[in-house]
Amino acid sequence: MMKLVLFGIIVILFSLIGSIHGISGNYPLNPYGGYYYCTILGENEYCKKICRIHGVRYGYCYDSACWCETLKDEDVSVWNAVKKHCKNPYL
């Protein structure tokens, strides 16, 4: 009986772990529709700068392209991000 209870607890814990998602994000796109490629993997100023342009505070180089944490789908394109975050009414 004790083994069955322990097994049930383990199954519940693994199901909870599976439902926890990591921090979402996206690869931002440049004005030509391509990725911003990078060579220094991990944190670097280039990717942080690119992510700030897209309206996100933090990003890093992952799989040779800049990855921005918490970047929403509608802000992936640089033009959509600029229109959303810029105060210029002519955009």
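Glycine residues also receive a Cβ, built from the backbone N, Cα and C atoms like all the rest.
Under the heading signal peptide, Swiss-Prot lists 1-22. Feature annotation from Swiss-Prot assigns domain 'LCN-type CS-alpha/beta' to 24-87. According to Swiss-Prot, the disulfide bond annotation covers CYS38-CYS61, CYS47-CYS66, CYS51-CYS68, on the basis of sequence analysis.
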Counts by DSSP class (helix H/G/I, strand E/B, coil) across the domain 'LCN-type CS-alpha/beta' (24-87): 20 helix, 16 strand, 28 coil
Local confidence of the domain 'LCN-type CS-alpha/beta' (24-87) - pLDDT mean: 89
Cα-to-Cα gap, CYS38 (disulfide bond) vs CYS66 (disulfide bond), nearest whole Å: 6
Tertiary neighbours of CYS47 (disulfide bond) (same chain, Cβ under 8 Å, six or more apart): TYR36, CYS38, GLY59, TYR60, CYS61, CYS66, TRP67, CYS68
